[in-house]
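**Student:** Okay, handing you the structure first.
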Amino acid sequence: MAAPRCRFDLCGVVCLLLTYFSVFYADYVVVRYVLIPTFSGSVWCSLHGSVFNLILLLLLACHSKAVLSDPGKVPLPDTALDFSDLRSQSTRMSERGCEGWTVCNRCETYRPPRAHHCRVCQRCIRRMDHHCPWINNCVGELNQKYFIQFLFYTGMACLYSMVLVVSAWVWQIRNERDGDAEREGEETPSKHLIVAHYIILLVESVLFGVFVMVIFYDQLISIITDETPIEQMKNRLMIKDRGATSTSSSSSSSSSQLPHQPPHTRKPKIALLREVFGRGSVFFWFLPLHSNPPSVGGVSYSALPDYDV
């Protein structure tokens, strides 16, 4: 019986609501308390407002695509598979070029190389990076592009809002010194409210900006090294196990029994980036548009590899 598409995750729902609230709050503060008081009657008000809202629009579009897109779920078989003869099946897999396929005991199906099981989605995901509560979805082979775009535009929005807030704050201080603002000592509640919004928005921008830029950097490193965080962790454990067994007298026989991850061919960095962001113009890398899936490795997997079951 097929598993549900995605299990209800309370943490993911809360993170989704927090994301949308933070975006709309930032837009409200920037327009209402930064642009209108500071650049009212100037072309800069319309210019900054248009650019900032365009960034937020792209941010929300990329986020929606990352949330709603299939990350690369491995298809489930229509009927139950027989795993009673795994050893002979493994031999046939190697003979027919299906080396690297493994069995998922939870999904009760075969999965292609570099696919891993997600305990939240309850499915195996091709080239799974991690399950992200901020999109309430897995980051995998088919939606990693949208996730990275979401991180990029979030970082841009945080940086832009910080620049606007600091500029508006400096402008207000200069006006007060020049006597253009309210007289000294005549502080109204609205002035305190504006300062409070400025501080909250600055804290939000710094926290989210640093957070997403760290993840953005980690995602790019994962792409150009052609190694997901799960694969990095497995490789470290394998190296540690081999180092431990090499100190014993039976190191040669023990190391041969360690699980071996089939190596994948190393490719140029630009080729790895194009596999994620698309093979078209670099300009389209920044837009949440559907890109052709990578031709190498294949993404149109069936529930079964090409061998007898």
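Yeah, the Cβs are placed from backbone N, Cα and C, and that goes for glycine too.
Under the heading compositional bias 'Low complexity', TrEMBL lists 245-256. What TrEMBL records for 102-235 is domain 'Palmitoyltransferase DHHC'. The feature region 'Disordered' is assigned by TrEMBL to 244-265. Feature annotation from TrEMBL assigns transmembrane segment to 36-60, 150-173, 193-217.
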**Student:** Considering every residue in the domain 'Palmitoyltransferase DHHC' (102-235), what is the mean pLDDT value?
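**Tutor:** Across the residues of the domain 'Palmitoyltransferase DHHC' (102-235) the model's pLDDT averages 87 on the 0 to 100 scale.
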**Student:** Using DSSP, what is the helix/strand/coil residue split across the domain 'Palmitoyltransferase DHHC' (102-235)?
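**Tutor:** With helix first, then strand, then coil, the domain 'Palmitoyltransferase DHHC' (102-235) has 78 helix, 20 strand, 36 coil.
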